[in-house]
């Protein structure tokens with residue numbers, strides 16, 4: 001079976017800055033893959049290229065056997081790519097349920113069905129009690145969950161999570177981890193960007209470490225955290241030698 | 001939850017039907033032509049503002065150039081009637097279609113603009129339209145067009161002896177604009193528009209084709225406004241560029257919605273019901289002393305209301321305050 005998502009030799013330049021250089025990664029069906037790396041490693045850029053916010057300068061992106069390199073974000077969503085935003089982008093003047101209905105409308109053209117689907121997703125994500133609250137009245141952790149709920153309502157094959165666990169209290173983060181597992185168990189492939197290693201490592205099946213725009217190391221989380229190259233990228237060379 | 005939602009939608013519909021019924025009976029008690037005139041204008045502006053609200057309120061693309069579509073409706077109707085003898089009813093529809101096409105044609109470049117730049121573009125385009133019509137000889141240029149009076153007739157939609165047909169048409173148009181909004185509010189388009197308004201980037205990631213949603217909103221909005229323009233031309237029986245395409249129309253479409261509650265179902269009607277009679281009354285009672293005092297009173301009231309109720313007058317009626325409100 002071919003990979004669900006694949007990037008082939010992807011480059012992204014912003015003027016003189018090279019954010020991604022020759023990045024080739026693949027995500028298999030049913031996996032939870034962590035995309036990690038220090039600040040400025042190019043994680044968010046790669047993430048945006050996959051989500052279709054902008055096309056790469058060079059290289060191609062394949063989703064579900066199809067070249068989607070130049071496909072706009074909305075169309076990728078229709079093909080089955082769901083995403084959240086690092087800086088939450090709720091529809092603030094709309095209620096929680098209405099936020100999720102927007103997502104549900106991708107696969108349900110009849111309002112009644114979209115609404116039912118949205119309620120289902122709110123149950124799944126534990127937001128059901130907040131359905132009729134305005135998105136602007138949610139606390140930050142709930143807003144993060146709303147991002148996930150909205151994306152899930154589009155019934156994605158691949159869910160892209162952009163630092164959904166960052167900045168949460170330990171309890172909130174644990175709830176988040178449980179939710180991600182639940183999402184995978186529902187048959188959805190997950191690619192998550194995080195930079196807090198201790199939260200992601202126990203959760204992911206495979207980790208891809210980016211540094212300075214390149215893939216540094218890729219492998220099982222337990223191996224990745226011990227890799228000297230990863231330690232030096234995060235902590236500097238001195239620590240790498242000691243390890 | 002869903003029951004509440006469905007119940008609220010039904011309740012809105014019932015309230016609208018009752019209000020429309022009461023309005024339809026109004027002429028039985030109001031015989032004064034001056035007052036009837038105010039009622040007609042109020043209904044017309046309610047309809048216009050409701051239409052404006054679709055693009056600017058729901059979809060968030062603030063237009064201060066809707067006078068263009070109003071004028072196009074008026075001119076299409078009257079040019080077709082005076083030059084080719086086409087009945088105003090067809091002219092009205094034709095004007096609506098032309099306005100919708102122009103709105104989409106303009107949307108193509110301008111929907112790439114954001115925020116203030118979009119607003120400025122709409123003002124400029126409407127001014128260009130005004131200038132074109134002021135210099136277009138065939139269309140009467142600055143002299144305008146006088147609609148030949150051929151006696152009271154529904155076919156030609158002109159009435160000299162009574163204003164009542166105009167009243168009922170304005171009422172019907174207002175009901176139509178309200179109903180279209182009501183219907184769209186719980187549709188894919190309605191949700192897409194609100195999503196686009198709140199956060200286009202997030203909307204795009206959820207499969208909303210932002211550009212197309214704006215185009216759809218612009219077309220519906222312009223179509224309805226042009227119907228209003230056609231009506232107004234028939235009502236005046238005389239048009240010139242300034243009296244159907246002047247900037248004041250753009251403002252008078254926007255203000256009721258802003259005052260009543262932008263992006264809400266009831267805002268435009270409520271805003272128009274207060275604003276238009278007030279405009280007319282201040283003009284006739286204190287406006288005679290030279291242009292100015294009426295506008296000062298008018299402006300002060302708008303400022304006061306927007307300061308006290310930034311979400312519009314409808315926020316007075318929302319039972320559940322922010323928490324729990326659906327719109």
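Quick reminder: no glycine exception, Cβ is built from N, Cα and C everywhere.
Please treat TrEMBL annotations as automatic predictions, because they have not gone through curation.
From a predicted model like this one, the values you see are computed outputs, not experimental measurements.
The annotation transmembrane segment is assigned in TrEMBL to B:12-30, B:50-72, B:84-110, B:116-133, B:166-184, B:215-239, B:251-276, B:296-317.
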* Using a Cβ-Cβ cut-off of under 8 Å, list the residues of the same chain that are 6+ residues beyond the ends of the transmembrane segment (B:296-317) and lie near it. => 255, 258-262, 264, 266-267, 270-271, 274-275, 278-279, 282, 286
* Stretch among B:12-30, B:84-110, B:116-133, B:166-184, B:251-276 sharing the most Cβ pairs under 8 Å with the transmembrane segment (B:215-239) -> B:84-110
* Structure fact -> Spatial neighbours of the transmembrane segment (B:251-276) not adjacent in sequence (6+ beyond its ends, CB under 8 Å) are 12, 38, 41-43, 45-46, 48-53, 56-58, 60, 62-64, 66-67, 70, 174, 178, 181-182, 185, 194, 197, 225, 302, 305-306, 311-315, 317, 327
